[in-house]
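Presented below is the structure to which this report refers.
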């Protein structure tokens, strides 16, 4: 389908990147990679480092569609999607609702649990929480997470009751909503989704405590396995679970679902990223390559979701 679309059909594309979230550095790298790909393929594309003047820039830019490469708050939480909806400017990825729900790990877990989809036991933390009760309920070790932050920022594994309060104080720097989750000691997998197709799974291994910001973007010690080492049936089951979880939260277009197994190799859903990284360390390009999809083709497939949104808006 992509090969039959004339370059002019894409119109004038704006790549939105940067922004003000804690993931700004990664977003700039992702956006630059996407912008270079579009230009390389002869598409008229322009990059915008999103700030308070973005509304004016978008209004005056005469753009025909937007490629969202913003990570974290402002980019994956429905905010920029709402702006683009208001401007009637088609954009890539999930809509307002799907973006807002998937950005919030707590609400994601509650919805999954309501649909009988597996996610690890958890408990909301506040400054008045009794650490001993949390430890008794979830067991130790556990992991503390900000509800609405990406790239594992603010997350900490907790081995003792005493460490729980300090982990909470660290997490609350990133978000007022914080929760503790049962630690899953098994293998970690990620499922990239492209146009409702789940790409080959990637198994992640890191010598660090978990797959944190350093392991994701800077460390050379992180190992990626694709094929992931599961049997064909096991991989298909995980892919089906990932797609069901993705669609259950209203996500669409493209994204990434992260899963981790317990000590018995039972899989649990961790979170969904609706604007995954597109850097040289990123997982979606890696999975796409394993599926025989080169980076430039993948960028066009993602951009194609904006064409579908345009058709929907036009009622054609």
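The backbone N, Cα and C atoms fix where each Cβ goes, glycine too.
Annotation source Swiss-Prot lists domain 'ATP-grasp' at 109-304.
Residue density at residue 170 (ATP binding site): 16 other Cβ atoms are found within 10 A of its Cβ, drawing on all protein chains shown. Positions annotated as ATP binding site by Swiss-Prot, on the basis of sequence analysis: 135-190.
A strand conformation is recorded for residue 258 (Mg(2+) 1 binding site) in the three-state DSSP classification. If you look up Swiss-Prot, you'll see 258, 271 marked as Mg(2+) 1 binding site.
Annotated Mg(2+) 2 binding site per Swiss-Prot: 271, 273, in sequence order. Other Cβ atoms within 10 Å of the Cβ of residue 271 (Mg(2+) 1 binding site), summed over all protein chains shown, number 19.
Here is what falls inside 10 Å of the CA of residue 273 (Mg(2+) 2 binding site) among the binding-site residues 142, 156, 163, 177, 258: 258. DSSP assigns residue 135 (ATP binding site) to a helix in the three-state reduction. Other C-beta atoms found within 10 angstroms of the C-beta of residue 163 (ATP binding site) number 18, with every protein chain shown included.
The two recorded residues, residue 149 (ATP binding site) and residue 271 (Mg(2+) 1 binding site), show a Cα separation of 11 Å. A helical conformation is recorded for residue 163 (ATP binding site) in the three-state DSSP classification. For the pair residue 156 (ATP binding site) and residue 258 (Mg(2+) 1 binding site), the Cα-Cα distance reads 17 Å.
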